[in-house]
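See below for the structure under consideration.
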């Protein structure tokens, strides 16, 4: 990362940061609009499905803010306090783990709604949904706390008083960190993939049953497929280091451009998918979002 900054001219650095910040602001504005629509209607915050969806959107907003903020800070400030960096990376690890687990919970909720509709109101209550969200955060925090313990046990005291470039590769570069990351990623992603596959075939079986609501089952099946597609995009963050190494070896003269594009496509643009995939497909959400933007336009016209 340090060499990347040294090779970038001021104009190149400014353009890259400008693009990242603009995309980040636009995506967070869109996601924030969906969160605002959720908060303004009791129809949404009393439904477990929309609660889990909004939690996913908020998680994406936090992840995007950290990613873009770190990129701009590294370019503009350079090295800064290591304890502050550790706190930022701690939150980053948690929100990164949150997304796949949230997708698995959304798939389970759809499975219960379609395959066990009579039990859905008793199983998927608002209180249990918020408890589930706390459980997701707790489960995601386990690898993050493990990283902190590994860092504290493998680093000297002088290391924590230095200023460093805040990047995962620099802070978490021991073999213990590699083992911790590999094990946690394999366990969590394996659980999520198994959950998505099982729920998909359960819903598919319900769609083929004579007594099933075929329209609802088809929508649920498509939603779980979209969960799988979004999970693949979530996994881009895991293969980006390997992909960057391969591409940089093939095109060393375009190193900074390759790293920036991979950052854009793996950390920034995927955060726009949640409102596009789920929000706009949902009629209630889409109608309220349209009304919100129409009201904004009307106010602007009146003021003008």
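Yeah, the Cβs are placed from backbone N, Cα and C, and that goes for glycine too.
Predicted automatically and left uncurated, TrEMBL annotations should be read as such.
Marked as transmembrane segment by TrEMBL: 18-38 (among others). Counting only same-chain residues 6+ beyond the ends of the transmembrane segment (18-38), those with a CB under 8 A from a CB of the stretch are 44-45, 50, 54, 57-58, 60-61, 64-65, 67-68, 71-72, 263-264, 268-269, 271-272, 274-275, 279, 285, 288-289, 292-293.
Annotation comment: TrEMBL describes 30-278 as domain 'G-protein coupled receptors family 1 profile'.
According to TrEMBL, the feature transmembrane segment maps to 74-96 (among others). Counting same-chain residues at least six beyond the ends of the transmembrane segment (74-96), those with a Cβ under 8 angstroms from any Cβ of the stretch are 1, 5, 8, 13, 16-17, 59, 62-63, 66-67, 137, 140-141, 143-144, 147-148, 151, 159-168, 171-172, 237.
Annotation source TrEMBL lists transmembrane segment at 132-152 (among others). Listed by sequence, the residues of this chain that lie at least six past the ends of the transmembrane segment (132-152) yet keep a Cβ under 8 A from its Cβ atoms are 51-52, 55, 86, 89-91, 93-98, 101-102, 105, 171-172, 174, 176-177, 180-181, 184.
The transmembrane segment feature in TrEMBL is assigned to 186-210 (among others). Among residues of the same chain six or more beyond the transmembrane segment (186-210), those with a C-beta under 8 A of the stretch's C-beta atoms are 97, 100-101, 103-104, 107-108, 110-111, 114-115, 217-218, 220-221, 224-225, 227-228, 231, 235.
Annotation comment: TrEMBL describes 231-251 (among others) as transmembrane segment.
Per TrEMBL, transmembrane segment is recorded for 257-280 (among others).
The average pLDDT for the domain 'G-protein coupled receptors family 1 profile' (30-278) in the predicted structure is 82. Listed as Cβ neighbours of the transmembrane segment (257-280) (distance under 8 Å, sequence separation of 6 or more from its ends, same chain) are residues 4, 16, 19-20, 23-24, 27-28, 30-31, 33-34, 53, 56-57, 60-61, 63-64, 67-68, 71, 223, 226, 229-230, 233-234, 236-237, 240, 243-244, 247-248, 251, 286, 289.
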